[in-house]
């Protein structure tokens, strides 16, 4: 077994970077302590003997603002304590017959906002992953229950039967057909490549035409049904009679269309609800031990992501406690001068690497391979000793699903031979009332209670003792479309801010719930992220109070001749220098540094403020 003589992955620690980070923490922290002492000493001086004086009130507000920023800085240092990077070696994996199966879960909701052709490109790229096709199963959740999406799935399956063999025959790196034909990827010259490429391109153009033609013919499809419709489950089969395609049919991954039941009187719990339905449906059809979650606009840019993730999941030193492997989000539609920081350099380039050196990064919404068992919580780990009634109280009253809880993926062939009977039960699993009286969204599955289900679910998994890893290869494993205008960006960040703050203000608040269940540093990371939107409070104070004091002749800062003035200057320059250093080291320019500073100021007085207010109104019941 030569593949086991070498490690499947390596973890790299950069001593130089850690030394720089910790030295900066020490020096910058000492300067902050001096300023805190300076502010606090004012309240014991004679000038502060009258609490009603304007000077005292101004100093108090400024002191609270600076204290909040100092605490936020302290929490942020947990990300910088021990950053690591990882390398996977897919070539060292065992043979295809020994690899575990994988379920791919893709979510879409509205064909008007998420064009069907783009969604199907994501589905096709997932079906073409470099992984044994009999161990790959792709599920699409259509929350809009659109006939156009269902038709697109059938067309996608037909095209994928020609596309996947073509990709594997010539070793294509780009498995998304639209991206491949736009970029004109070069491959080594092979006999028949050019002619077959033209044939496949014609098939793709025909595939696009069929979907767009169906859309035009059914342009008046009612939108009312997208919020009120029964569940629909369909295993997709192609209609093509092409002899070449028929020869490759047995090599195709399973493709399943899922539209859960939605009724106006039942909460649907957004993306978390859709993912939990997919978990249940896939649990009785393929029941793979590992699950890849993708957004519908985030296609597979490199076919090796599955094998890279499995390198960590099959590592005997990591696997017992490893919940998920997170890949970074990368985007294909961002200009070099990213004025809105749409690429999110800081989280994917700095923060997640820092958390990876602790207990692991959090789920980023898409592009992660999660162990199914970790989402099933304790009952899954207790094996056959769990009581049947207890399992039904947790997972619901589906005997079929309960039966499959402990079945391995070795039974897939038997299950797939009875798909007709299985699919009848899946419609019950996808009904809107199935979760009533169960622990779905609370103790099992993806967490409810926040619009940022990825953040909340990650926190719950880490609190239960699970770990995660962050894998960032040189070639982006997944590519998607990011926001490229200010309006969409503000809406997106406001939603995220509200979701983070909802967790921060809940009974699962990281500074209270976390330290008893995870390391202090990991808890600090979650606390910083949960309360990051509260940046708006000190910044709004510092953007108004000093100016008002200046016009009214109220001194709140030391004179220029004072040594304390130099400390203020040092803190300011130290903070900016560290940010600039991280930007440059990550391979970006000074312009990126300026853009990030500008958009941070915009967020601090807009999206963070609106998100925090929305979270408070939601928690108090004023807004639903």
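Each residue, glycine too, has its Cβ placed from N, Cα and C.
As annotated in TrEMBL, transmembrane segment covers the listed stretch 25-45 rather than the other ranges in 4-24, 25-45.
Under 8 Å from some Cβ of the transmembrane segment (25-45) lie the Cβ atoms of residues 56, 59-60, 62-63, 66-67, 70, 73-74, 77, 80, 558, 564, 567-568, 570-571, 574-575, 578, all in the same chain and six or more residues away from its ends. Looking at the residues that bind UDP-alpha-D-glucose per the record, 113, 114, 143, the two CA atoms farthest apart are separated by 13 Å.
When the recorded positions 113, 114, 271, 295, 454 are screened for a C-alpha within 10 angstroms of the C-alpha of residue 143 (active site), the residues that qualify, in sequence order, are 271. The sparsest Cβ neighbourhood within 10 Å, among the listed binding-site residues (113, 271), is found at 113. The UDP-alpha-D-glucose site is defined by 113, 114, 143, and by the 8 Å test on Cβ atoms against their centroid, the other residues of the chain that qualify are 108, 109, 110, 111, 112, 144, 296.
All protein chains included, residue 454 (active site) registers 23 other Cβ atoms within 10 Å of its own Cβ. Within the same chain, the residues at least 6 positions away from residue 114 (UDP-alpha-D-glucose binding site) whose Cβ sits under 8 Å from its Cβ are 108, 296, 297, listed in sequence order.
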